[in-house]
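Peer 1: Mind having a look at this structure? Questions to follow.
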Amino acid sequence: MTSATSPARPVARAARERRRTGSLAWHIGALAVLAVVLYPVVWVVGASFKPGKDIIGSLQLLPAHPVGDNFAGLADGISGISVGTFFANSLTYALLAVVGTVLSSSLTAYAFAKIRFAGRNLLFTLMIGTLLLPYHVLLIPQYVLFRRLELTDTLVPLVAGKFLATEAFFVFLMVQFMRGLPRELDEAARLDGCGHLRTYWSIVLPLSRPAVITSAIFTFINAWNDFMGPLIYLNTPSKYTVSLGLMMFRDQEGLSDYGGMIAMSMVALLPVVAFFLAFQRYLIDGMATSGLKG
Amino acid sequence: MTLVEETPTTTANKPPAAPTAAREGRRRENLAGYLFMSPWLAGFVLLTAGPMIASLYYAFTDYNLFTPPQWVGFDNFTTMFHDPRWQKSVQVTLTYVVVATPLKLLLALAVALLLAQKRRGQALYRAAFYLPSLIGASVSVGFVWRALFSDHAIVDRTQTVLGLHAGGWIGNPDYVLYALVALTIWQFGAPMVIFLAGLKQVPPELYEAAAIDGAGPLRRFWSITLPTISPVLFFNVLLESIHAFQVFGSAYVVSNTQCGPADATLVYTCYLYQKGFKESQMGFAAAMAWTLVIAVALVTAVLFWSQKKWVHYENETEAAK
């Protein structure tokens with residue numbers, strides 16, 4: 001870029017100089033924000049390798065002599081339940097949530113985006129309205145409903161809504177995406193004699209891959225982090241998800257020993273961070289479009 | 001669902017095909033539409049609309065889950081308005097919303113403006129800043145926050161160096177809510193990404209023209225950037241404030257399940273949870289929930305009303321030309 005301009009001209013040099021100081025200031029600013037943002041993340045990794053009693057007081061971000069005691073402690077489990085059980089439960093919950101959300105949201109989105117039916121606009125408005133509805137107004141009646149159906153202490157209350165497209169955000173995301181697909185494609189499918197089901201399954205759904213991936217990852221992360229749902233619905237410790245398992249750790253170990261708790265916290269964050277590293281473009285682009293078209 | 005794919009054999013053997021076929025086609029499109037929608041429709045009726053009505057009914061009853069609801073009229077609301085802990089929870093929630101939301105959005109906008117400049121590593125910074133939005137609501141990060149804001153931990157030591165001897169924020173009723181605010185602000189990445197997408201839409205010619213006219217950076221921000229991104233700003237303000245009213249998990253974990261000390265982090269939903277699920281006062285909790293819905297609806301209505309004054313949509317300016 002700079003090689004094109006003649007280095008002899010003093011004006012160009014001054015401009016380049018100015019650009020360089022601007023760039024330096026920019027990087028200092030960005031690095032300062034980065035330090036604050038990543039501090040807690042690096043801290044939890046470092047702390048999980050510190051002896052339990054050092055975790056709070058020691059200001060060393062990464063321990064000089066890392067120890068694996070906290071992780072060894074995890075192997076004993078919590079009150080007789082293996083830590084692996086919590087992870088398996090969370091994984092089941094998250095995977096069911098992903099399957100349910102992707103299927104139900106994409107079917108609903110296809111109807112909104114590709115089928116002209118009576119009442120479509122009204123229903124679309126209703127769906128957008130549920131985006132703004134505080135979830136808590138549904139908390140008690142849904143609990144009463146699932147209790148009457150004797151489905152508390154199972155995963156059903158946690159995933160039922162996912163299979164019924166109650167996460168309007170993902171329906172909306174997919175509607176926006178499907179509307180952007182060229183109309184000629186489904187019209188061509190039409191002329192070839194494809195019904196809606198075929199068009200949905202063989203053309204629109206595969207082409208909507210980016211929106212599907214974004215929804216799937218967000219759903220996984222939301223289910224993995226979910227705390228209120230399991231807190232309300234699950235009572236048997238062997239059915240607890242990681243969130244509740246962590247709370248059990250807190251109850252058992254007390255607040256004096258952070259060791260096992262912090263180690264498990266760190267492990268619990270790993271899947272989310274892994275998804276983030278693998279798919280950050282999908283997540284960020286998904287967020288960005290939601291704001292622009294909202 | 002195979003119904004949708006069948007060819008309309010019934011209409012084929014009727015002579016006046018054209019108008020009937022069109023009507024038949026429309027009927028089939030309606031059927032297909034509703035079949036595809038059926039999961040959402042079922043969810044809307046069973047898990048959203050139905051429960052909303054049920055909850056409205058419970059709000060006017062005394063209901064403890066074990067005996068049938070007893071109609072009590074407005075008693076729950078009267079008790080609620082006079083309940084000092086309810087009043088406290090409203091005060092805590094409003095403080096939290098009013099402090100955390102603007103700070104989070106300001107930081108998000110400031111960092112977005114920084115990242116909008118094309119520099120090396122820009123995409124990497126953007127990704128890193130977004131990470132807290134994904135993990136911030138987890139129990140793990142709640143624990144980390146408790147640790148960082150404990151006595152003798154990093155925040156305590158830093159403020160001591162700066163001359164403030166307040167101890168850890170977690171145990172201090174005057175400060176603990178601000179540990180929660182800090183956790184919220186830490187998650188500025190999600191609105192930042194939305195701001196960034198908005199900033200990309202500002203036409204560069206506008207800046208060039210303004211620069212030629214002698215407009216300084218502040219003037220350009222105020223007269224070009226801000227109006228152009230105002231729809232995105234509106235979206236962020238709306239979404240972030242609605243979310244802030246509903247904060248639960250972080251408050252519950254950071255305050256060690258007590259929503260305290262001294263009810264200092266008794267956010268609205270924390271009290272709702274205690275009333276409904278710890279004390280089995282479902283009627284009272286439903287009344288609280290409906291009050292929250294009305295409050296959030298009012299905030300939404302005020303925001304939508306105000307947008308006429310400060311939000312500029314592209315089509316409008318096109319029409320004005």
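Cβ coordinates come from backbone N, Cα and C, glycine included.
Because TrEMBL annotations are produced automatically, they should be read as predictions rather than curated entries.
Take a look at what TrEMBL says about it:
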- B:7-22: compositional bias 'Low complexity' (COMPBIAS)
- B:90-303: domain 'ABC transmembrane type-1' (DOMAIN)
- B:1-23: region 'Disordered' (REGION)
- B:33-60: transmembrane segment (TRANSMEM)
- B:94-116: transmembrane segment (TRANSMEM)
- B:128-148: transmembrane segment (TRANSMEM)
- B:175-199: transmembrane segment (TRANSMEM)
- B:220-239: transmembrane segment (TRANSMEM)
- B:282-305: transmembrane segment (TRANSMEM)
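Tell me about the setting of these features in this model.
Peer 2: Only residues 6 or more beyond the boundaries of the transmembrane segment (B:94-116), in the same chain, are considered here, and those with a CB under 8 A from a CB of the stretch are 122, 125-126, 129, 177-178, 180-181, 184-185, 187-193, 195-196, 199-200, 221, 225, 233, 236-237, 240-241, 244-245, 247, 267.
The list of residues near the transmembrane segment (B:175-199) in space but at least 6 beyond its ends in sequence, with Cβ under 8 angstroms from a Cβ of it, reads 92, 95-96, 99-100, 103-105, 107-109, 111-113, 115-116, 126, 129-133, 136-137, 141-142, 145, 149, 155, 166, 169, 225, 228-229, 231-233, 235-236, 239-240, 244, 247, 250-251, 254-255, 260-261, 264-265.
Residues 101, 105, 108-109, 113, 191, 194-195, 197-199, 201-202, 206-207, 210-211, 300, 303, 307, 310-313 of the same chain lie 6+ residues outside the transmembrane segment (B:220-239) yet bring a C-beta within less than 8 angstroms of a C-beta in it.
If you look at the transmembrane segment (B:282-305), the same-chain residues 6 or more away from its ends with a CB under 8 A from one of its CBs are 55-56, 58-65, 69, 72, 76-77, 79-80, 86, 234, 237-238, 241-242, 245-246, 268-269, 271-272, 275-276.
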Peer 1: Same-chain Cβ contacts of the transmembrane segment (B:33-60) under 8 Å, 6 or more residues past its ends?
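Peer 2: Cβ under 8 Å, 6 or more out: 1, 3-4, 69, 71-74, 76-77, 282-283, 286-287, 289-290.
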